[in-house]
Structures are given as structure tokens and as C-alpha cells.
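Annotation comment: TrEMBL describes B:THR146, B:LYS169, B:THR180, B:GLU260, B:ASN389, B:THR394 as substrate binding site. The active site, nucleophile annotation in TrEMBL covers B:THR180.
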Protein chains: 2
Amino acid sequence: MKTKDSGLCAVKGVRAFGIKPGKMGLAIIVAEGNAAGVFTRNKVIAAPLIVTREALGKNGRLAAVIANSGNANAFTGEQGLADAREMVSILSERLGVDSDLVAVASTGVIGRKLDIDWIRDNVDEVMSGLVASPQGNSHAARAIMTTDTFPKMTAIELDCGVCIGGIAKGSGMIEPNMGTMLGFVYTDAALSSDVLDGCLREAVDRSFNMVVVDGDTSTNDMVLLTATGATGISPDINEFKEGLEHVLVDLAKQIAKDGEGATRLIEAQVTGAISEEDARLVAKAIVRSPLVKSAIFGKDPNWGRVVAAAGYSGAELEQDRLSLAFSNGVDTVYLVDGGKILSEDKEHLQKLEAIMGSLEVIIMVGLALGSANAKAWGCDLTYDYVRINSEYTT
Amino acid sequence: MKTKDSGLCAVKGVRAFGIKPGKMGLAIIVAEGNAAGVFTRNKVIAAPLIVTREALGKNGRLAAVIANSGNANAFTGEQGLADAREMVSILSERLGVDSDLVAVASTGVIGRKLDIDWIRDNVDEVMSGLVASPQGNSHAARAIMTTDTFPKMTAIELDCGVCIGGIAKGSGMIEPNMGTMLGFVYTDAALSSDVLDGCLREAVDRSFNMVVVDGDTSTNDMVLLTATGATGISPDINEFKEGLEHVLVDLAKQIAKDGEGATRLIEAQVTGAISEEDARLVAKAIVRSPLVKSAIFGKDPNWGRVVAAAGYSGAELEQDRLSLAFSNGVDTVYLVDGGKILSEDKEHLQKLEAIMGSLEVIIMVGLALGSANAKAWGCDLTYDYVRINSEYTT
């Protein structure tokens, strides 16, 4: 497996472009193939998700995606559905493809009518920019940003020659209950939509769903995976799954790192759980806890808050077996071992200070009850999170 | 039912006092009677809770409570248990009562050894101050404060002549997963410990548990209810339950209002749910959402975030039936009715601005699916929350 730097345009058969002249942005990705999608579990579902889920359900194929930022087209009733369908037909007409082959996605403010005229007025500019190059990729990634501070993209090439690449957008990472997460992932492998569906669900569970807390999904969350088959290669399914998980975890970590107002990435690594479900509960509780997040912002190794989060996570836990360490990937400092607090000598405290000052803080919790593991990602809670979210619509 | 202003000392047979000279504080309440308690559901349980639960389990009676602030005595192993038992014996010896009649509670930093010498050195000063007056009540309420900015107390007298009064402490209200909640409630009614236990659990579910999100309890949360029986009156059980709920809701709202860094109280009122459980899920999701909390801080009527929180709460919900309003108890502005967004004329916007500027913002959500209701309380998310929690131990 090796890294490619052209994002989704590393994948054979994919063209992309996008514009973001102001609050509104528009991205188009053109690539035909078998496809699968994962959608929000929120009971309030935005119009574009309803339209895209219908389209995917018909034939498990996509030829293109049209996505706008600046307006979520959520809670917009019949008018919203009509606007989402209109976005689809604007693109399907220009491409000369069936409307069931076009996916639509939106992200932005909820409850406001979509400015469909703006989409109509700008679609030709985006269409004329479509290109299979790193520029196409990065313009598309930028066009779907809202409060994101950098575009999110990644790509790899598997040993078998197949590429997997994608772009994503996120935000609102303190507890991402409404910072819409969009992911558009492509591969040039030849795979059926059923196989893609299984692989996507598994990989999403170990990546995006470990940033976006279970159930706390936005009205607009959507991840699409399309396989152009342009290489003609049907890869070994385990190799493909591993590659897909790598791509989605990379995008998920970029989303966590760019949480609103974030200054640091937090990775929770949980080992020794009775089940993977339990490991996930603990990992998520840690990266979700505002008290842990605030402590990391303050470079404060307040491990008591980590222990408390593990304790209320719902997972099986025995405090006499618990171990806990902080790491930055280079140094690791063990603070608790088998329920006992380890002594804090000077060298220990110096290392800990260096770790707490790192851009990526890894919190390692060992439960010593079983053999299941999980990772979750989040970011610190900062003054800027409050500023951004108290001024969003006004 | 009428309000009394002397807190728990409004209750016949209760003496209290406390001191808070620095970070550490010590409170003692003396009042013998049947008793019941509710304890944290966190799997990491602090030593004083283990000791108090044991004592209550033996005979369902208490003669006194000793509580310290500044150190939670949590995650402190065998030493912590020994220290908690030592606190009990320090008080039981002085009072000449069995150690099984003394409850112990702690709140503060986790994972540090309790300074038992400080307790021993200061207990006589507190003992000598014990008094059945408003001063005794307020000194005890102040002594258990940590990041609380005001002491929490309330009392009422029922029509039958029975008093119910209590003190409480809280904090960390963004998602109170570690801001320990302590409540010490007394009544001079004559009631058995079994009856007290049932009444307490029901009232806690509708008050403290609607501030402290399910499962997200600290390692030290504890509410004790003791009935001195000093009036000799056995009140009508429904009258007593109503009064107890009133007292606990009053304390719960004080805790929410004094959330760390809070500038406003948020009350979520949910009506028309299929079940009380569903109504609670929606109400809690709203007051828990950092995006809703940030919006309220910014006086931003961002109702889309309220809808999204309701949507991911896990409760049954049909967006076409949803109605939503903001209120400050005087003016109410309806924003959504039966899934339709209501027009925003000038008068409407002026009222909304006044509501968003109020110290108490009520968010009313109607589900129109059933007849169950619930209320939950929280506070806004502010720069000061981040400041307080990023600097806590350092």
C-alpha cells in the first residue's frame, strides 16, 4: 500500500471540480460505476439524502455527485425535496445520464430554502472545470467546506494496482451532532455494489463513526463509495477492506483534527475490552467528554476525567484492572497500572509536559478484561469552538 | 405549599454547619431519622459512596452526614476506603452514635489522597458551630461548593405542616459527567425508609437526573433524604411526593443555572411524546447539545440545532408533526408548526430577540405523537466554561 497525493483523482475514471466564491459552494464529481452509500441515522433527514438513497436503491450505480455547501436543505419540506430533485436534473441533463445515476448532497444552515437559482447559475462554471487531476480534487474538496479550515483528501494505491481515494468535510467536533460529515470515496477496482456496501459499512464503523458519536449524526451525513472498475482488477477482498479502512480513517482523523476551534487531535486507544462494542463505548466516551477536551486544550494531564468517562461509558470495567497512559507517538507516560496510581518523578513530569504540548495527544486505556480493541478520534474544546458556534447564523 | 427561606434548617430536628477556608471545605449535618439514598451509576465509584451505601443498607437510618469539598477521594484504592471510614469514625465518636448511622460524601479532584489530617484538625470547629438556623444551613451549603458560584438551598412547608428542605452542589453543566452533584435533603415528616426510598427515586428521576444526563454521572454523585419525624405527621403520600419533587427540581434548576461559566438557564419542555422515556430523551438531548448551548450563549435562535438534537435523541419523531417555540416565560414565539416554518415578521423577530436575551430561555418542542411530557435543564456553553475546565488542576 502506498500513498498518492492526488486525492480522489488518483482513481482512474474520476473527474472533479468545485467553486466556493462565498458562503455557497458547488462541487461536481463525475465517475460512473457500482456504488454504495451510508446515510445519517438522525430521524430528521435532509431532502438530498432522501433523493440520493432512492437513486442508489434503484440500481446500485452512480454516474455523478452534485454537492453544495452553505445550505443544508434540511427541514425544508416539499420545497426542499423539489429543490434536491432539481439539483439532480440540472446535472443529469448536462451529462446526458438518467437522473437515478446522480447523487445530491448538501451541507450548511438548516431550515432555510435552498437558493436553487445560484446552483443553476454556477453549474456550467463547475462543469467546464471538471478535470482528472490534483487540481480537480482539491477544488472539489474546498467547495464542500463550511467551517472547515482545510480541505480533506487522501488516496492510496494497493499492491494489486487498485487506487482508493476520497474527499471529505466535517466540523463541530466537540460532539459532532450537527457538523455535517460528507465523504465521497472512489476506487478503480471492479466490485459489485453489494460487496462495496459491506466493505463501506465495516470501514465507516471503524472510522467516521468513531469520530461522529453513535446516533449523534447530523441531518445531512452521507458517505458514498463508487467503484469505476477502470483498472479491471477485482482485488482480494481483505486487501481492499484494509485499504478502504486506511483511507476512511485518514479522512476521519483530518475531520477530527479540524474540529471547530481545535488546536490538537485526541486519539483514544482502548485495549483489553470484553467486546469491540465495549471498546468503542469507552473510546468514544473519552473523545466526547467536554471535560477531557477542555483539559487537553489546557495541556492538563487530568487523567481523573479520562477514568470517569470510561466509568460512565456503559462498558464493563473494573477500576482495579485499569491502566492508563498518555502518549504523543514518541514518548509514552504510564499514569495508572492495574488501578494503582504510579509515582510522579521529575523525568516523568517533564515527559508528560512534552506530550501534553504535542499536536496529537494519544490517550491509552487498558481494561485488562478481554482482547477487543478500538480507536476513536476527537479534538480539544477551545474558546474558538464557543466563538464559532455562538455566532454561526447571526 | 409555601416557600421557607432557611433551607434544610427549616426542617425540625436538623442542625448544620460548615467551613470553607480555602480549597478544602467541611460540612456536618446532624439529624436522626429514617433515610434513603441515590448513588452514581458510574462504574468507577468513589470511596465515600461505598461506605455510605453500606451504612444505609444496614438499617435504613442516618444520624449525621460529614462531607468535604476539594478532594473527591475517588480512585484512591484501599487508602481511600480507609480515609472515608476514618471520616465516619471522627464524627461518630464525637456524636456518640454508631458508625453505621453516619454518611460520608466528598467532592473535588479525583485520584489524590485525601488530607485526613485537615479533616481531623477542623472537625471540632464545625461541630461547635452546629445550629438549627438559616446560618447553619448556608454555611453547610457553602462548605460543599467547588466551582459553584453560589450556595444552593431551598425549603417548603406543605399544607399538612411538614417541611422539606435541602442543600445541593453541582457544576460542569455542559454535560455534567464529572461535576459532582451532591444533595442533602431533610423532612420532618414521619415516613419509613422504604417509602422515602421510593419517593426519592421518583423525584430524582424528574429533577437531578434531568440535569445530569443518564449514565453521565460523576464518580461521587449522591443524594440523601432523611426524615426526622419530628412533626409526628405522616403526610398524604402524593402531597409529600409533590413537595419533594418541587424541592429537588428547585435545587436541580439552581445547579443548571450555576453550570460552569453559565450566563443563562435553558429549560427544554417536551410535550406530545409517545412515552415519558421518549420525552426525556428529547429534552435531555436538547439541553446536552453543545451546539444548542453555544447558540443560546450567542443569543442566536438557531432552532435547526434543536430540531437536529431531537432527531438524534433516539425518540420517536415525525418531522411533519414537530412544533417548536422559544419562550422566556413572558413572551413566546412559535417558529415551527406541524413541520412548517412560520414566517418571520418584524414584531416576531423583536420578541425573539428579547427572549434570546433573557436569563432563562425555555425551548418548547411538541412532538404531536402522544401525551407524555418531560422537562430538562441545562445552561449555555461559554468562554468561561473552557477557561474553568482547561485550568482546573494546574
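Every residue gets a Cβ built from N, Cα and C, even glycine.
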Checking the binding-site residues B:THR146, B:ASN389 for other Cβ atoms within 10 Å of each Cβ, the smallest tally belongs to B:THR146
Within reach of chain A, those binding-site residues of B:THR146, B:LYS169, B:THR180, B:GLU260, B:ASN389, CB-CB under 8 Å: B:ASN389
In all the protein chains shown, the tally of other Cβ atoms within 10 Å of the Cβ of B:LYS169 (substrate binding site) is 30
Would you mind checking how many other C-beta atoms are within 10 angstroms of the C-beta on B:THR180 (substrate binding site)? 29
Reduced DSSP state (H/G/I helix, E/B strand, rest coil) at B:ASN389 (substrate binding site) is helix
